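Asker: Sharing a structure here in structure tokens format.
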Amino acid sequence: MAAAAFGQLNLEEPPPIWGSRSVDCFEKLEQIGEGTYGQVYMAKEIKTGEIVALKKIRMDNEREGFPITAIREIKILKKLHHENVIHLKEIVTSPGRDRDDQGKPDNNKYKGGIYMVFEYMDHDLTGLADRPGLRFTVPQIKCYMKQLLTGLHYCHVNQVLHRDIKGSNLLIDNEGNLKLADFGLARSYSHDHTGNLTNRVITLWYRPPELLLGATKYGPAIDMWSVGCIFAELLNGKPILPGKTENEQLNKIYELCGSPDESNWPGVSKMPWYNQMKSSRPLKRRVREIYRHFDRHALELLEKMLVLDPSQRICAKDALDAEYFWTDPLPCDPKSLPTYESSHEFQTKKKRQQMRHNEEAAKKQKLQHPQQQHSRLPPQQHGVGQSHAAPLWPAGPNHPMNNNAPPPQIPAGGHYYGGKPRGGAPVPNRYPPSGNQTGGYNNQSRGGYSSGAYPPQGRGAPYGAGPRGPSGGYGVGPPNYSQGGGQYGGSGGSGRGQNPMGGARNQQYGWQP
């Protein structure tokens, strides 16, 4: 067998031998992710006390053995060794059906469980985003973006496409290190590859226009579009292209980047779905207009990432040389970043669901047991020698018992009801303004989410809070076509878009060429 050249992968080698140790060597502590073909647990190695992440590969959907996506992920991860790529430590097995699988249908004739053992990471970007009140500083954004691009450049040099870059697949530890994770959709490629590749990859909000238009021949540029969406999300404080369907996703891209034609994207008219999904009217590019509040160097880099024509899109290596990373404030040292309580998207999603459940239960309880209304009517008054009770209230001008009283004269500025004034004249600005009146973007520091001044460089909190969706991370699930789920590749369902052509975002696609 031919040896791979230095710095290149040899994907012709057989998959690594696993199963030398049992999962009983680990104690499961807490579930931190879940996806279509697996769960992820934080676990402790009993002998050493080391904390790891155990990703269980679900076998009940596979009739003839090991899932091809898991084989591909293992082969790639065993050969990628970089500080910004998640480390697969080993494979362990469980000889029989786990307690987690009791009662579940089993279509696989091969019994037992298989686990991938990863280094443990404290957070993913989506989990941090759900922490209220936290924001990234400009040096933090630069630090994380630099690590993301460095890891992705390493993958591309080694001819690996990630094909699912999104916040929940970017893992961060409490030493500030960011690592690419969830290589379940990754695959090797070569520039002279003549076969077709699937376009059913990359979560919808981060999917580039060429895939949405049906391209089956593509390269590293697809990952760079996703990086551009992440970059803008960090600067803007929320996802920039939250489409619900493929048509809506393309429309959002057109509204931001302009509608494609032969002048700005040669050959686009020959794309398989161009005629069915082209813009109904010509649209101009508005990236600079919409994000004019961004730092000048940040906007220049973003413009080069969000280019419709993939052949003109900036590559990871050139992005690392952009002025953005070499002007003040410079990227901070990862070790200078603050530490946070563990923030896995799977966990934060469960907390949000529990809060919604509690709120709904409280509303239901209130409807079923309304508070008793107490009468506020004054007691009846009886005059001396009167045989009948006097009316409780004097008759109004239109009451049948009052035939003589003229209708009241309503003075200007008052509000009358039944002949009696209610309230005073309208008061302008009755409630003083409160909260952030500047729109939420820190123009002074150029890059955070809120209007206040940033904390000292390198000590800020992560980027803003807001609804998020699936979890990715260690590769628990295949493409998460809506944004939600569990870290390490888990993908529970939360609401980050939908995959109109594949059902739920956690749909198992099996073989992904």
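Glycine is no exception: its Cβ is also placed from the backbone N, Cα and C atoms.
Here's the feature list from Swiss-Prot:
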DOMAIN    26-325  domain 'Protein kinase'
BINDING   ILE32, GLY33, GLU34, GLY35, THR36, TYR37, GLY38, GLN39, VAL40, LYS55  ATP binding site
MOD_RES   TYR37  phosphotyrosine
ACT_SITE  ASP164  active site, proton acceptor
MOD_RES   THR198  phosphothreonine
COMPBIAS  395-404  compositional bias 'Low complexity'
COMPBIAS  461-476  compositional bias 'Gly residues'
COMPBIAS  483-496  compositional bias 'Gly residues'
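Help me picture where these features are in the structure shown.
Answerer: Cβ neighbours within 10 Å of ILE32 (ATP binding site), excluding its own Cβ and spanning all shown chains: 30.
A coil conformation is recorded for ASP164 (active site, proton acceptor) in the three-state DSSP classification, outside any helix or strand.
DSSP gives THR198 (phosphothreonine) a coil state; it is part of no helix or strand.
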Asker: What three-state class does DSSP give ILE32 (ATP binding site)?
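Answerer: The residue in question, ILE32 (ATP binding site), is strand (DSSP, three-state).
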Asker: Tell me, roughly as an integer, the mean pLDDT over the domain 'Protein kinase' (26-325).
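Answerer: Its mean pLDDT is 91.
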Asker: Between ASP164 (active site, proton acceptor) and GLY38 (ATP binding site), find the distance joining the two CA atoms and give it rounded to the nearest Å.
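Answerer: Approximately 17 Å lies between the Cα of ASP164 (active site, proton acceptor) and that of GLY38 (ATP binding site).
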